[in-house]
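Now, the feature entries from TrEMBL:
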type     : residues                                 : note
DNA_BIND : A:17-56                                  : DNA-binding region
BINDING  : A:G91, A:V92, A:G93, A:N94, A:L95, A:G96 : NAD(+) binding site
DOMAIN   : A:80-179                                 : domain 'CoA-binding'
There are 2 protein chains.
Amino acid sequence: MPAKVDIPRKSIYRLSIYQRCLQRLRENQVDTVSSAALAKAAGVKSTQLRKDLAYFGQLGTRGLGYNVDALSGTIGDVLGQNKLQPVILVGVGNLGSALMRYGGFRKEGFEIAAAFDLAPRKVPGVNVPVLAMTDMPDFIRRQNVKMAILSVPASSAQSVVNEMVQHGIQAILNFSPTVLDVPENVVVNSVDLAVELENLSYFIR
Amino acid sequence: MPAKVDIPRKSIYRLSIYQRCLQRLRENQVDTVSSAALAKAAGVKSTQLRKDLAYFGQLGTRGLGYNVDALSGTIGDVLGQNKLQPVILVGVGNLGSALMRYGGFRKEGFEIAAAFDLAPRKVPGVNVPVLAMTDMPDFIRRQNVKMAILSVPASSAQSVVNEMVQHGIQAILNFSPTVLDVPENVVVNSVDLAVELENLSYFIR
DNA sequence: CTATGTGAACTACTTCACAGCT
DNA sequence: AGCTGTGAAGTAGTTCACATAG
């Protein structure tokens, strides 16, 4: 795989969007698509799409466009979708249990291998074990889990993160409304609902 | 209020973070804070914080720092937090009902005024009316609602958006995994769980 | 003639360096 | 002396313009 260092994070985000559009094309038996058409579906400019894809080699055919299957496969490799990636979820509250019930992850190559909570109890209708927080370190090591979804209250987020990271978690999707402090080699994406709403609120007059 | 046109969107996001940190300072009876200290808490560089704040005037005192109450008030004004902003939520599934139960919105100045679903039924433990989709247009107009949270399946997202926008919604927080097409004057922030995970997946080796 | 790939130009954002108040 | 505010410099990301391949 090519060097990851100087590919913009925003390009990576867009690859996911392209991938979704390609999936739809595939379902519709389309086998070739131009940058213009795919860009339209993804809501970006065609030059941007071509730049994004060019980071990963010459993926298209001049005069013709991109092969849907091949492009989708390449993007899947880049995003690590092509092998099921185990993820743990920590904090089985309102949001946590809703996320456990959300089926969309598996389709995109992720599997919630287990959930953890201080007061573990089964989430109805979901086939994921809910374990005690004290079982987390062991689970991470044994199953070699690298990714975690964090949906605990803000007050305990940092301490949970410290423990996760210490036992091998390298990437965290954070839903707690707080700024997390992590080592250089750990990636955090934060989804902060209040921040998103406030941002919208600013842009309405 | 000053012209919104050339203030970077990222600055607005950061204002929300600063606001949270200020709130904590306020709880601890701190009344003055330096850009260095606040920036540290927010996880940004102090120059960036000062630039962000400078868009809204001279808010600090040279040699001293920023008054916590005053700064928090100004940011609240900018973000429209100082009057309770009504929001509707459309799509009362797993995620939708979890969002309804999430208490954090009100604290930040937002109130879920009503929720809408094709098959409306009360969400236990929440004091928000759940109404039929057909009631939405009227509700938006009568209550003059400008903001919406969208948590419907991808397949119906665009048509719901079209209807919302037609009746006056100006800002949408979108949880559906799809690209929305909206008029120029409508703002959309999308939170796409699969995209966030894929992005993390890319950055772990 | 069509559509990709890409250096060059441009735009947006961040950081620096330091002037200006208190 | 201490800390903010800000033009200037630097960096990152986007768009343009066009050479290149089918």
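Think of each number as a place in line: the chain as shown, counted from 1.
Glycine too: its Cβ is placed from the backbone N, Cα and C atoms.
Recorded features from TrEMBL, shown on the structure.
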| residue | record | Cβ neighbours (10 Å) |
| --- | --- | --- |
| A:G91 | NAD(+) binding site | 24 |
| A:V92 | NAD(+) binding site | 25 |
| A:G93 | NAD(+) binding site | 15 |
| A:N94 | NAD(+) binding site | 19 |
| A:L95 | NAD(+) binding site | 23 |
| A:G96 | NAD(+) binding site | 23 |
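For chain B, the nearby binding-site residues by a Cβ gap under 8 A, listed in sequence order, are A:N94, A:L95, drawn from A:G91, A:V92, A:N94, A:L95. Across the range of the DNA-binding region (A:17-56), the DSSP-based residue counts are 28 helix, 2 strand, 10 coil.
Secondary structure of the domain 'CoA-binding' (A:80-179), assigned with DSSP and counted as helix (H, G, I), strand (E, B) and coil, comes to 36 helix, 25 strand, 39 coil.
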